[in-house]
Structure formats: structure tokens, C-alpha cells
Amino acid sequence: MRQDRVSALLADVPAGPLRPWPRHEVDAAVFATIAEALGAGERELLALWGEPGRVHMAIRMVGEMPCVISTAVVDGRFPSVGRWHPPAIRPERAIRDLFGYEPEGAPDIRPWLDHGAWDRSAPLGAAGPAVRRDPADYEMLPVIGEALHQIPVGPVHAGIIEPGHFRFTANGETVVRLEERLGYVHKGIDALTTDVPIARAAERVARLSGDSTVAASFAFARAVEAALGITAPPRAAAIRGVMAELERLANHFGDVGAICNDAAFAIVLAHCGIFRERILALSAAVFGHRLMMDTIVPGGVAANITAEAARMIVATLDALLPAFDEIVRLYEDTPSIQDRTCGTGHLAADLAVRFAAGGPVGRASARDFDARRDLAYPPYEGRAFDVPVFTAGDVDARIRVRIGEIAASATLIRALLGTMPEGPILAPVPEAVAPCEGIAVTEAFRGDLLVWVRLAAGGRVARCHVRDASWFQWPLLEAAIEGNIVADFPLCNKSFNCSYSGHDL
Amino acid sequence: MAMMLDLALQLVQITLLVAIAPLIVGITRKVRARLLRRRGPPLLQPYHDLWKQMHKEAVVADNASWVYRRAPYMVFAATWVAAGLVPTYATGLLFSWSADLIAVVALLGTARFALALAAMDVGTAFGGLGASREMMIASLAEPAMLLIAFAVALIAGTTQLSAIAALFATGDVGLRVSLGLALLALVIVGIAENARIPIDNPSTHLELTMVHEAMILEYSGRHLAMIEAASHLKLVLYFSLVGCLFVPFGMATGDKTLPALAIGLATFVAKLVAFAVLLPIAETTVAKMRVFRYPAFIGSAFAAAALAVFLRFVSRGF
């Protein structure tokens with residue numbers, strides 16, 4: 001009966017006001033037991049976040065509908081999940097920084113998002129006076145051994161990329177340990193989406209990370225719709241699908257090129273850069289914005305696809321895909337680049353499962369999960385599409401997942417455009433009469449992106465939390481680089497392509 | 001008077017190299033950009049960059065010692081002298097008696113030593129990383145370079161570049177297996193020494209993969225300009241080395257008549273441009289290799305050069 005420990009615990013607990021998943025309010029003891037079950041691999045952790053007075057975690061058993069477990073914070077404390085389940089450590093540290101709640105028994109209570117430069121401590125909780133620290137004053141995990149040396153990299157890098165600090169401990173060229181320190185692009189998204197009109201919250205969620213703006217808006221819109229009990233019109237759902245796949249195409253093109261460029265094989269980037277640009281220009285022509293920002297709104301979409309635009313999209317795909325196939329052949333037929341990608345940055349399959357790693361990171365390490373299929377939502381419900389899964393777990397596998405998804409996305413776009421229903425593209429969004437909650441997951445190009453939202457009466461967002469896929473991929477990068485050489489880190493890092501902005505909130 | 005002329009001709013060579021080196025680098029960048037479907041920077045951009053750096057403030061780390069400040073000049077001086085010794089458009093110039101292949105190798109080694117010291121001087125992680133990688137590459141490339149010198153010397157009977165070039169330019173030596181092997185080895189050593197793909201990527205922004213760039217990350221202003229100019233010179237040095245050893249045709253070997261010198265100059269520049277076009281074409285077709293594969297790659301240069309030497313011992317015909 002061990003497998004059903006969590007179900008047994010939750011059987012008597014009434015489900016709360018969340019839609020569409022059940023939310024169970026439990027006491028600290030049950031919360032801790034469920035955390036222990038997570039650690040034993042009985043469930044996977046989808047998200048862990050806080051709000052004043054409460055901590056929530058979204059968990060899922062493979063093949064079942066996920067649920068949210070909430071516990072009240074008593075005396076500013078809640079049972080640590082990270083104690084049992086390492087993927088929860090960083091979210092917990094973030095909760096501690098933002099709300100000031102102590103995770104009891106947590107293995108790691110170093111600040112995560114708060115680098116000591118905020119003007120107040122625990123800004124979403126007690127909001128006490130700031131405890132200013134030197135941002136550089138941060139205790140890295142100890143590494144013991146002979147002939148080891150440290151290489152600090154960042155947060156300011158030689159290239160124009162987002163900021164993050166990486167501390168390598170190496171023995172010559174071989175990496176013994178990598179520790180990440182993130183949080184440099186904290187924008188206060190949780191605070192900025194607290195008690196604001198829905199439209200304002202939608203804009204802010206859309207700006208969490210520019211490359212995933214469609215997926216974030218999509219998830220936010222669906223969460224709001226779920227809370228209000230409405231659905232977007234079928235045509236709006238199909239258009240959302242086209243946008244989400246276009247975003248995936250643009251980013252995957254960019255990633256395939258950028259990964260090869262990190263091995264100084266710039267010819268792939270040169271061509272993939274053009275492919276990405278073509279998609280962005282297409283998006284601008286069809287939807288009026290290169291990244292399609294703010295085009296998905298609660299209730300539907302803000303931009304329609306005309307018959308002319310649909311033909312334009314198909315024509316662009318017809319031109320790009322054969323050209324991309326040639327680049328794929330070039331990648332496959334060049335031994336020097338294959339030598340760099342194959343076997344580099346291996347991520348073990350059990351770690352991918354343990355951290356519930358989504359997106360190409362998980363699927364390259366045999367974790368067969370795609371939110372579009374496994375937590376199906378319109379317009380993907382009932383549609384068959386390829387979800388490429390590889391078992392090698394190396395940089396090459398992560399490239400191949402992306403190559404496979406590019407083909408699958410193009411097929412999906414064609415299918416969506418071919419069966420585009422007629423009708424309105426925006427449903428009226430009623431004002432909530434009473435507080436209500438909604439949650440939704442969409443498949444961004446990085447993996448599953450979760451949005452939880454609580455609406456207050458009168459068309460306002462009371463609280464909102466966005467969890468980017470990167471939260472559970474960043475820690476895996478630390479594992480994947482171990483035993484590799486320092487010079488291969490950029491390649492591994494780019495093959496993960498985790499978000500800084502999306503993670504730092 | 002003859003002395004003055006010789007001195008003038010030698011000065012022409014020395015100044016020509018410094019003057020033309022940024023242009024040659026500009027050509028390689030332009031060609032690479034065109035191959036990558038970019039428009040690329042103007043051909044003269046390296047000159048503008050040097051000019052800009054010369055006029056910028058040189059920021060120096062607080063803990064930098066005199067080594068760090070002097071090294072750029074030392075690197076530039078040693079590289080310039082080495083480049084000035086390699087016969088370019090004419091043989092038998094004033095300094096040609098000192099234009100020994102081994103001396104060139106030693107001068108380049110001196111420049112590298114100074115740069116590696118300076119890289120470690122300020123104590124940043126990247127400086128140490130770059131210096132250690134550079135030394136690993138050098139420990140593989142220098143023996144190969146010496147063997148190339150011996151292979152060529154066994155044929156020409158001297159390590160003096162001017163004499164070798166003059167002999168090879170006559171065409172009496174003909175096609176030889178050992179020379180082919182030496183050329184292969186020299187190309188590989190040249191790629192490694194000049195921090196080109198697949199050993200190093202001169203245009204990367206990724207600190208962790210850098211070799212040469214990692215060593216000079218902390219440099220700025222006139223110091224950086226000196227190092228950049230030295231690396232331009234080094235590329236031209238290797239181009240002219242390949243030119244004078246393996247395609248010495250067109251060089252003014254006999255009397256220093258004006259037409260002969262003009263032909264020598266024109267062919268030299270043509271050779272440089274040809275190499276500057278070929279290099280990025282080769283670079284575009286390969287990815288950078290893993291750090292731990294350097295020994296195999298540069299080792300193949302050593303093996304080829306060693307084979308060239310052995311072949312000469314086996315038979316004079318090779």
C-alpha cells in the first residue's frame with residue numbers, strides 16, 4: 001500500500017476552490033509526509049510556492065491529474081520539502097527570501113533570490129527592514145580535495161547574455177563541482193501581480209521571459225479561464241496553438257544554431273539565425289509583434305489569423321523546413337561537431353525523473369513527458385503529434401529532441417491551420433463574484449510552464465505565481481557537467497538553455 | 001651606398017609587415033563573415049580597432065606588477081623581430097644572416113612566455129586557465145616546429161631561412177614527400193599557434209573555452225593594442241613562413257633590381273591574400289575540438305614532421 005500513501009492521506013481531505021485540479025488543505029504533519037513520499041519517488045513535484053500565510057505544492061502521479069497540497073504557515077514555519085526531495089530546495093529558499101517563512105529541517109537555508117540589496121527583507125511577507133549585505137558575501141558549498149582550484153564565472157559575462165554566477169571547482173580541466181548562483185534578474189513578478197487588474201497581471205506575466213512570452217500568456221489565460229469557469233472559443237484555442245508552436249519553432253531554431261556555435265561551428269548558427277528571423281518576421285506580419293507578446297489574453301486571443309496570413313505561414317514553413325533539413329544533414333555529417341556533442345554533458349535518466357525535468361532536457365534523458373499530451377489542453381487535446389524522446393541524455397540528444405520537435409511543430413501548425421474553426425476569437429470575461437483560483441500548465445519550448453492564479457471579486461488578480469521549467473533544470477545542469485571538462489561547459493549550458501529571467505521571477 | 005640600400009630594403013620588409021598585418025586579418029574576418037552569410041566588418045576595421053585602443057585609457061588591475069605592464073611591449077617586440085626575419089619579398093636582405101628558423105621559434109617562444117607570465121600576474125582564474133592551455137599547446141607545437149626546421153634543413157643544408165628560400169625558389173629541389181609532410185605539419189602548428197579553429201576560436205565570447213583570449217581578458221587600451229598587433233603579426237609571420245618555404249616563387253633572389261623587387265612584393269602580397277582567403281574557408285567547415293584532443297591533433301604535426309626527417313635519413317630522394 002506504500003504506493004498509495006499519498007492518496008490515502010488525501011482521501012478524507014475535501015478539495016478546495018482550485019480549478020481544474022483539486023487543492024487539499026492539510027496540516028503540517030500530512031504536508032511533511034507527502035514531502036517524504038515525494039522524496040521516495042511516489043509523486044513528482046510540479047511547483048512549490050508561497051503566499052501570505054500559506055505554502056502550496058503541486059504534485060503529480062504519472063498518468064493522473066495533478067493536485068495541489070496547501071498547508072498553513074504556523075509561527076512563520078512550514079515543514080521543509082527539500083529535506084526529502086532535493087528539487088524543492090531552491091523554491092523553498094525563494095519562499096524564505098520572499099515571505100520570510102522558515103522551512104523546518106531544510107538542508108540549505110542560504111538566501112537565493114535576496115542578494116542583500118533589497119530595500120526590505122521578506123517583501124511579500126512581514127516586509128521588515130532591510131538587512132543589507134554585501135552581495136558577494138555568499139557561502140559556496142565546500143569542496144575538499146587536493147589539487148583543486150576554483151574558477152568563478154559571471155554574473156557579468158564576456159558575451160551579451162543574462163547574468164548568473166557559476167562557481168567551478170576543477171582539477172586541471174576536469175570539473176569536480178559546479179555551483180550556480182542565480183537571482184540577479186529578480187523583478188518581483190509575484191509582487192507585481194499581487195492585487196492588480198487581470199489585464200495588468202497578464203502583461204506582467206507575459207514579460208517574465210521574452211522568449212517564452214506566448215507560453216506564459218497562454219498558461220496565465222488558461223488559469224484565469226479555469227478560475228472563472230469559462231473556456232476560450234475553439235478558434236481562439238487553435239490560434240493560441242499556432243502561436244505557441246511558432247514560438248517553439250523560433251526558439252528551437254535559435255537553440256540548435258547557438259549550441260553548434262558554442263563549438264565554433266558557426267555555419268549552423270548563420271543559417272538557423274536566418275530561420276529564426278524568418279519566423280519572427282512572420283509573427284510580426286501575422287500578429288503584429290515579433291515575439292507575439294500580449295496576443296494571448298484571458299478569454300481568447302487579441303489577433304486573428306486571416307486566410308491570407310494562414311497561407312503566408314504555410315508558405316514560410318514550406319520554405320524553411322527543407323532548408324533546415326539540409327542544415328540537420330550538415331550537423332549529422334560533420335564529425336568534428338558530432339565529436340563535441342556526443343557523450344558530452346550526460347544527464348542520467350533517474351535524475352531527470354526525480355527532478356521532473358520537462359522539455360528537451362527531460363526528453364533527451366528518456367523522460368517521456370510533454371504537457372501538451374500528458375496534461376492535454378486545447379487545441380492539443382485529441383490531436384496526435386510526435387513527442388521525440390531520446391535516451392542518450394547528452395548534448396547531441398538534446399539537439400535531436402529539438403530537431404524532432406521542429407518537424408512536429410510544423411506539422412501541428414499545418415494541421416491547426418487546416419482545421420481552423422470559424423467563430424469569435426474572444427469570449428467575454430466575467431468578473432469574479434467571489435474569490436476563485438485557477439491553475440494551468442502549458443508546454444513552453446523549455447518545458448512545462450505552470451501558472452497559478454487567485455482572483456479576487458471584481459476583476460482583479462489577488463495573487464499569481466509563475467513557475468518556469470528552468471527551476472527544475474538548472475540544478476540538473478550542475479549534475480550534467482560533473483566529470484566533463486571546463487571548456488565543454490558552454491556547450492552543456494546552451495544545450496540546457498535554462499532561463500535566467502524566468503527563474504529569477 | 002649598397003649598405004644604405006640593403007638597410008632600406010630590410011626596413012621596407014619590417015614596416016611592410018606591421019602595416020599590412022591588420023589588413024590580412026581584416027581579409028580573414030571578411031571572408032569568414034561572407035561564408036557565414038554576413039556582410040562582415042570593413043577590411044580596414046582592424047586598423048580602426050588598433051587606433052581606438054591606442055587612444056583609450058589602459059585599465060590595469062591594482063595588484064598588477066611590472067610584468068603585466070611590460071609584457072605587451074615584449075610580446076610585440078619579439079613577434080615583430082621574428083616576423084621581420086622571415087624572408088618575404090626578397091632573400092639575402094641585410095639581417096638574413098640572423099634569419100634562422102630556430103631563432104624565429106625561440107623569439108615566438110619568448111613572446112609566449114611573456115604573455116603567459118602576464119596572464120598569471122593579476123591572479124584571475126581565466127588568466128591561469130588560458131596560460132595553462134597555451135603552455136600545453138606550446139609544449140606540443142614547439143617540438144613539432146623544431147622538427148619541421150630540421151626536415152627543411154636536411155634538404156637545404158642550413159636552417160637559415162633566406163638560404164632555404166633562395167634554394168627552394170630555384171625549383172631544383174622539386175616535389176618531395178618530406179616537404180609535403182613538413183608543410184602539413186607547419187599548417188597544423190600554424191593553426192595551433194595562431195589560436196584558430198579547431199584549436200581556439202578567435203571570435204568567441206565564451207570565457208571558459210578561450211585559450212589566447214583568456215590570457216588577455218584583463219588587458220585594455222594600448223596594452224591590448226600591442227597584443228592585438230602582435231597576434232596580427234604572428235599570423236602574417238606564419239603566412240610568410242609557409243610562403244617562403246613552400247611557395248617561394250616570385251621572390252627577388254638575385255640582384256635587387258627594381259622589377260625583381262616589385263615582382264617579389266606583388267607576389268608576396270598575393271600569397272598573403274590567398275592564405276587569408278583559404279584559412280577561413282577551412283575554418284568554417286570544422287567545429288572546435290575538445291581540449292583533450294589537442295595532443296592528438298598537434299601530435300599529428302609532430303608525427304608528420306618526424307616522418308619527414310626520417311624519410312630524409314632513409315633516402316636522399318624523399
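Cβ coordinates come from backbone N, Cα and C, glycine included.
Under 8 Å from some Cβ of the transmembrane segment (B:7-28) lie the Cβ atoms of residues 41-47, 49-50, 80, 83-84, 88-90, 93-95, 229, 232-233, 235-237, 239-240, 256, 261, 265, 269, 272-273, 276-277, 279-280, all in the same chain and six or more residues away from its ends. The transmembrane segment annotation in TrEMBL covers B:7-28 (among others).
Among residues of the same chain six or more beyond the transmembrane segment (B:73-95), those with a C-beta under 8 A of the stretch's C-beta atoms are 6-7, 9-10, 13-14, 16-18, 21, 103-104, 107-108, 110-111, 114-115, 161-163, 165-166, 169, 226-227, 229-231, 233-234, 236-237, 240-241, 243-244, 248, 251-253, 256, 260-261, 264-265, 267-268. TrEMBL lists B:73-95 (among others) with the feature transmembrane segment.
Under 8 Å from some Cβ of the transmembrane segment (B:101-123) lie the Cβ atoms of residues 61, 63-65, 67-68, 70-72, 74-75, 78-79, 81-82, 85-86, 130-131, 134-135, 138, 142, 145-146, 149, 152-153, 159-161, 164, 193, 214-216, 218, 227, 230, 234, 237, 241, all in the same chain and six or more residues away from its ends. The transmembrane segment feature in TrEMBL is assigned to B:101-123 (among others).
Per TrEMBL, the feature transmembrane segment maps to B:144-167 (among others).
Same-chain residues lying 6 or more positions outside the transmembrane segment (B:173-192) and placing a CB less than 8 Å from one of its CB atoms are 137, 140-141, 144-145, 147-148, 151-152, 154-156, 167, 198-199, 238, 241-242, 245-246, 294, 297-298, 300-302, 304-305, 307-309, 311-312, 318. Residues or ranges marked as transmembrane segment by TrEMBL: B:173-192 (among others).
According to TrEMBL, the feature transmembrane segment maps to B:235-254 (among others).
For B:260-282 (among others), the entry in TrEMBL reads transmembrane segment. Panel annotation: around the transmembrane segment (B:260-282), residues 9, 16, 20, 24-25, 27-29, 31-32, 35, 88-90, 196, 236, 239-240, 242-243, 247, 249-252, 254 of the same chain, lying at least six beyond its termini, place a Cβ under 8 Å from a Cβ of the stretch.
Feature annotation from TrEMBL assigns transmembrane segment to B:294-314 (among others).
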**Asked** In the same chain, which residue numbers or ranges, 6 or more beyond the ends of the transmembrane segment (B:144-167), come under 8 angstroms Cβ to Cβ?
**Response** 85-87, 91-93, 96-97, 99-102, 104-105, 173, 176, 178-179, 181-182, 185-186, 188-189, 193, 241, 244-245, 248, 251, 253, 298, 301-302, 305-306, 308-309, 312-313
